[in-house]
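J.: One structure is given below, represented as structure tokens, and several questions about it will come after.
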Amino acid sequence: MTHQTHAYHMVNPSPWPLTGALSALLMTFGLIMWFHFNSTALLMLGLTTNMLTMYQWWRDIIRESTFQGHHTPVVQKGLRYGMILFIISEVLFFTGFFWAFYHSSLAPTPELGGCWPPTGIHPLNPLEVPLLNTSVLLASGVSITWAHHSLMEGHRNHMLQALFITIALGVYFTLLQASEYYEAPFTISDGVYGSTFFVATGFHGLHVIIGSTFLIVCFFRQLKFHFTSSHHFGFEAAAWYWHFVDVVWLFLYVSIYWWGS
């Protein structure tokens, strides 16, 4: 910041947006190859490229914000607006899935047997694993709030404990969801019910994995004393994202698991 007469961060040229876009392309084609030809080579390459991009991009941002002091209050304000707009875009993303579900379920066509769930589909019991998943995510919402309050009050160890509990609950949710998918009596190819169910809950599961990764990074950063009560936007963004994931799950549970069954 020595020869700078403004509070904005002039970012150095970075290769990570390019490698990130490449990894997204590889993962998309990899998913198609896996679905149609049962080959996971391209998908694994895409995931590896994505992991490397995430690691190196996060490393650069941590260096610029924590060690070089580029994240001034003005920059943080811009980041906050960016995160809010990103979450709004995600809301619209999930709106499309809910639209597809309600479009199909509110007026089932004769091909579906004129009823919902369609003839031949045995839906999952909403009072079994889905209800446990709901409790797990609601508990994680409480623990992330505990972590935030602990950080604001300077209780570092309490914050680490709460963050660890949140991550553990996120991983537990993912394992429960995976076991539910494995044991489900229908598949993604079982008509509109299977496709809307697996795409909506699958994308939510992906967001839980992303949120858990975000929180794991925050956990290791807190171990290295990167956050203070006044400078912790990385953690705040992760907490906002986690609450968003919580709320989306409540809508999924009420719409697809409970009402849809």
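Heads up, the Cβ atoms here are built off N, Cα and C, so glycines get one too.
What you see is a predicted model, and the numbers here were worked out from it, not measured in a lab.
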J.: Based on Swiss-Prot, are PRO15 and GLY120 on matching sides of the membrane?
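T.: Domain labels do not match for PRO15 and GLY120 in Swiss-Prot.
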J.: State the residues, same chain only, that lie 6 or more residues beyond the ends of the topological domain 'Mitochondrial matrix' (1-15) and have a CB under 8 A from a CB inside it; answer 'none' if no residue qualifies.
T.: 57, 60, 64, 68-75
J.: Below 8 Å between Cβ atoms, which of the listed ranges 16-34, 73-105, 191-223 makes the most pairs with the transmembrane segment (233-256)?
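T.: By the under-8 Å Cβ criterion, the transmembrane segment (233-256) pairs most with 191-223.
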